[in-house]
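What TrEMBL records for A:28-44, A:64-83, A:90-108, A:114-131, A:138-154, A:194-213, A:246-267, A:279-298, A:305-324, A:330-348 is transmembrane segment.
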Amino acid sequence: MTTATAVTAASTGNAGARVLRVLLTQRIALLAVLIVAVVITFFVQDAGGYLTAPYDFDYMSASLINAVPLAMLGLAELLVILSGRGGIDLSVGAIVSLAGMIFGFAYGEWGWPLWAAIVLTALFGALLGAVNGFLVSYIGFPALIATLATYYAYKSLAIVINNQEPISTPPIQKLFSISESVELPLFGQYVPDVPLGIFTFLLPTVVAVWLLLARTTYGRRLYAIGTNDVAARWSGLPVRDTRFKAYVYAGVLSGLVAVVTVGQFASARPDAGVSGNGMALPAITIAVLGGVAITGGIGRVSGVVLATLLIVWLNAGILLAFVGNEGSQYQLLALGAVLVFAALLNGLTNRRYGGTA
Amino acid sequence: MSVGTGALGRRRVLPAPVTGQEFVLVGVIALLWVALAVSTPAFLTAGSIQPLLVATAPVALVGVGMTIVIVTGGIDVSVGGAIMVCSVLTAKALVEAEVNLGVAVLLSVAVGGVLGLVNGVLIAYGRVHAIIITFGTANLFMFLGLRIFGSGTVNGIPGTLAFFGRGPDGRTLGVPHAFGITVLITAAAWWYLRHTAGGRHFFAIGGDAQAARLAGVRVQRRVLLAYLITGLLVGLASCFVIAQGTSTLDQSVGSGKELAVIAAVVIGGTSIMGGRGSVLGTLLGALLVQSVASGVTQLGWRSQLSDLFVGLFIIVAVGADLLRARARRNR
């Protein structure tokens, strides 16, 4: 997407220029086009017999289970980054580990009913998020530093709390049903089965965050403090309180992801959210790819959801295109390339059309 | 950080050569060492301190580059991936081409330089926030590193790099070479940042990039240079990493190092907002983190507990700095 193509588009007529402008300024449109492109590419590859297993609607639907933690943490980062002043949360993965252990204790060892264990885990996530929020909003720590510190602290606690042992008692193992696919009622036989976690966790979260941002006073305040901290304070908004709550909500979402992750692994693992590359980096990547401005105040739920679908279906296709563990390596390449591309595109868009990303 | 007065009563332009944070860090490290020496008599022996210094070297060395990057107002979260690429390439060269020490170091530093250049060009000329670009390149570097690994580990690395290792070959007069080199480079960087115009430009950019540009600083080149320096130091640090390990290099090399380096820089008193920082502090920060890790192991505690202390140190170090800044504003 260079200036040269932009010039050609403009000279071939108004329609071309308008399409380009929409693609560059409307992240939703760009993501939608990219998703269609990715899916068509893999369908063609599949038809040509280049993949190791069929890439069809059933496979795409089954791969959605990976979208659940990714999208929920992406939304957590959305809330925090929106709040501005360099807002970012590096600790989400460590919260997932630690809250997951708490869930493991409550549900797997203390024998709490499932709903009570989930509520406890969400509240515990909120508490961990509140520590971040307090440090950032009330004490004035840069978010990167505060959440780096709590990342280390939570990660360490999660490992020490149960002597590095995972919890996988029978009730925890039965939770695996979360990630199984179910047939939808009424018209279920005509469409692919969908992972249960989509309905129990992802959709309610997406709707709740969307309502929070688009339909409540709190949402408007969050955008206001992210756009201009000083102006918001002079307008009499409770700046500190609003920013504090953004980190608390991010903690709640991370707590819920902990439950999903425990279900997926059928075990509460002390390193669930921080092993390998961790969960925070992919979540931040998803948010940025979804058009969230790292400077705060700009970003939408739909962008994050579409960015998740793009990455999940791209990754699912890459897994089939390579043999063995090469697939997981090329996923890194894809994630990195897409992120750098999106970031450079944001810069270009800002210069060309002036700040509407 | 008191502002002294010169002979003519003018306000000093340069900050004090050693900051308050650094004195505090020296005090904390001294206290920690005394406490550890009292509780485990084996701590204050050469056999315990020398490996500690060797282990400090890579984080401190990359930290010097990271300090410069953060002083310009940027950040580099791709150093973990870059360490992976440099060390696996160098390890493969050692095993398959049996290169000698000099070639291995040159190769590693050159590769690190190229990776740093990629970051620098994208950040300086793409005008994108550094954290986003380096998150992206971190993934790309890890991909590269894993591809070079192929499947599995690099085995049978010869002892060519023992010069930087923990063995007797890695010491002169009891001082580990890796740590000595790190101290020399830190000292050079300290002088460069404090006493040359080029060095001061980094601080100017971090303070206010627009003002720096108007004052004639070539901002983009300076920013590019900061990431290039980091890349070169990553290359050298990767040699230390290989030398410290066994004859086998596995795929987890470099993983999480970016956060360890940033933690050392931040504990050392460098402001993440840019414009203020010191490489001496970074060296001390790295030493403190490593002392805690070593102390936790020697006390027989679970080794992961040291991360909890790292988190607390970051909070205390930065919190104290915030309080001092608030006190300065209110004065």
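The backbone N, Cα and C atoms fix where each Cβ goes, glycine too.
Residues 80, 85-91, 93-95, 97-98, 128, 131-132, 240, 244, 274, 280 of the same chain lie 6 or more positions beyond the ends of the transmembrane segment (A:138-154) yet place their CB under 8 Å from a CB of it. In this chain, the transmembrane segment (A:305-324) lies in contact with the transmembrane segment (A:28-44); the count of Cβ pairs under 8 Å, excluding pairs fewer than 6 apart in sequence, is at least 3. Spatially, the transmembrane segment (A:114-131) is adjacent to the transmembrane segment (A:246-267); three or more Cβ-Cβ distances between them are under 8 Å for residues at least 6 apart in sequence. Among the listed stretches A:64-83, A:246-267, A:279-298, A:305-324, the one sharing the most Cβ pairs under 8 Å with the transmembrane segment (A:194-213) is A:64-83. Sequence-distant contacts of the transmembrane segment (A:246-267) (same chain, six or more residues past either end, CB-CB distance under 8 Å): 65, 68-69, 72-73, 75-77, 79-80, 82-83, 87, 89, 92, 95-100, 102-104, 117-118, 121-130, 132-133, 136-137, 166-168, 172-173, 175-179, 197, 201, 205, 209, 212, 222, 273, 279. Remote same-chain residues near the transmembrane segment (A:305-324) are listed as 28, 31-32, 34-35, 38-39, 41-42, 45-46, 50-53, 55, 59-60, 63-64, 66-67, 70-71, 74, 206, 282, 285-287, 289-291, 330-331, 334-335, 338 (criterion: CB distance under 8 Å, separation of at least six residues from the stretch ends). Against the transmembrane segment (A:279-298), the recorded stretches A:64-83, A:90-108, A:330-348 differ in Cβ pairs under 8 Å, and the greatest number is found for A:64-83.
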